[in-house]
């Protein structure tokens, strides 16, 4: 048993090395024209005929009458093992040469090998230099040129000598290639040919990228190829298996690709006389064409030319399917912006200010990046970093996104949807256990599930008010005594959601005005909080007017850590805060007009929608203590700030105090699906206990604790805090490492265009200097900067004159550094305008 165990450990360590290398390699944003069809050629397993299919498609495309000099096919083989004795690009090259002679249609053909391992290069008899990665750049090219003829370009990008899986070949031949390098080389080759094709309106170009082995075969880094090529999300052709057992293998391969978000235009396989196409067509419900090729001759001496001639009708049908699918895709993408403006009612959007050309068409997402379609840019796809974290919800990198997709698929297949009251099922139970052992550890004992952050707040308010009434004996009062007014104490600038109760619990703002909410009255005591920010390289405190006389004494901090230092509790400022809060709470103690402060609700540390302001944590901590001394239940609204958004799993670790009730959503599920929870103490739960159902908490949603959301949340909670999966977790396991480059942060905070900076955890925000007319939520002052950042591949959406960049808990600091570098450069241009 010992040798087996050691082998397994070595395998796991090697796998982790591969995975770490993939995750730490940040892929530069790509830019791919879509005006010519480009397809990935997949197969359900190795040796099923991918290269035969590529050759047949090439012949059908190039060897047609009448031929055209503007017709070109690019065949890329990114990863080739067994080279040079085995070369798929050479096979396509030689067969097209023979087929062109057979059909008497001249074509220009070339075959190039760009890089190989040293053993592979030596097998070619080449004397080459070896790079640090162990790969050699080759000047290997074979070509036959015919002027004015269609053109075939075959390119092998990376080759190894051993006829084994690429990850083993790379390891054994000491010649590694990072995933990002493979993708960048594919992009470069595709763009070179496509941009040449754009110059001629009559050009006709088809690009094939043939994978190695099966759908889930590893690439040279160990990353599965279905994950390796996912950033491009090119449509695919799946070469299935016509043999006994091939139905299962083909379906498994198809499902693996669909689960990762690939589109498959057709399935094609060799006929083995088992009629596999019938059950496959039935399974695919005619959504995807299933094409059958004649049996391939088994005689090694057969040059297959007659087989290609016999298969011509199938390959023509396949080619036409590919061309049509690409046209339909482009037609849909080109029409989406216009149609969206006609049928959508976007939230937080003045439609009169949105022009069709400014609508962002999102084709897909991979990790932190959108794939954006631009019809005006040669019908191209380009990547943009989602600096809004899709409105503050997103956390996954590409690896975690695929993991969550699998978890969601499994749970949907197992449970569909089941109702929650008086029921238990594994995803909900596991999620609740993880919540109580994580963000609720040390204080919470109950988990109440709901749909989104705002509904979680509604539930929290009901919980808090009931607890307050029980503690102050209002529940047993006479009918006359029950005519009391229960309000909240909250901070100006906080935002707790769009539902009616949540809006009542926040101070007047653009979100609560008469045009937005005619019922709004503002049922609370709303206080102006002290805020902290970075400016000119120093952390400063901004005190409300009521504290203005002490501003000079408490103006700056040496570091952000000092702001959160618990030793500040013994400071003079803490005593001033306490006296100020005690005075206001006493004035609204309920003596007058039967009004009572029945709950405290705060966004801990950061006011998000209110402008990304950092509230002095000392002030919030003192406020919590003052309310607790008066038996006023405390609600933490961690919908935005929870689950590592601010660098810790829960802001209780930053504030140094705990609530009675807390709300979580957004990053709870990694941002993949809506789900919210309201956590509460035993004492809060007990305030709803009684013999009558009328004393229970009568609030719920049809999708409360939906299995898919709970399973996704459980996976996200575990993933974010595990150092093996999230390499940003520090050795203590309680905080994220610093993601934003300190020197760049300091430089930006000192920029003449910048009023203030807030940086913590996954959040970087700045307020642009602007006069009163250009400040606030309705301001369009940042529009030109927004446009420049999107040109740089950064998708951001401002809060008036506040610009923010938001990454995920797993985002590489190198990516964050690149974002800040681009922002700093654009700030200079913005300032000049």
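Every residue number used here counts from 1 along the chain in the order it is shown.
Every residue gets a Cβ built from N, Cα and C, even glycine.
The pyridoxal 5'-phosphate site recorded in Swiss-Prot includes 453, 454, 701, 702, and the single candidate from 397, 637, 660 that the record places there is 637. 666 is the residue among 155, 462, 487, 666 that Swiss-Prot describes as N6-(pyridoxal phosphate)lysine.
According to Swiss-Prot, the residue from 193, 195, 210 that belongs to the Mg(2+) site alongside 51, 88 is 210. Neighbours of residue 666 ((8S)-8-amino-7-oxononanoate binding site) among the binding-site residues 81, 212, 701, defined as a Cα within 10 Å of its Cα, are absent: none qualifies. The Cβ of residue 637 (pyridoxal 5'-phosphate binding site) lies under 8 Å from the Cβ of 453, 457, 460, 494, 496, 601, 602, 603, 604, 662, 663, each of which sits 6+ residues away along the same chain. Largest Cα to Cα distance within the recorded (8S)-8-amino-7-oxononanoate binders 391, 392, 495, 666, 700, 797: about 33 Å as a whole number.
The least crowded of the binding-site residues 392, 495, 520, judged by other CB atoms within 10 A of its own CB, is 520. Largest Cα-Cα distance over the residues recorded as binding pyridoxal 5'-phosphate, namely 453, 454, 637, 701, 702, equals 23 Å. Annotation for residue 210 (Mg(2+) binding site): spatial neighbours 40, 41, 50, 51, 54, 75, 76, 77, 78, 88, criterion Cβ-Cβ under 8 Å with sequence separation of six or more. Residue 271 (ATP binding site) sits 27 Å from residue 81 (substrate binding site), taking the C-alpha atoms as the reference points.
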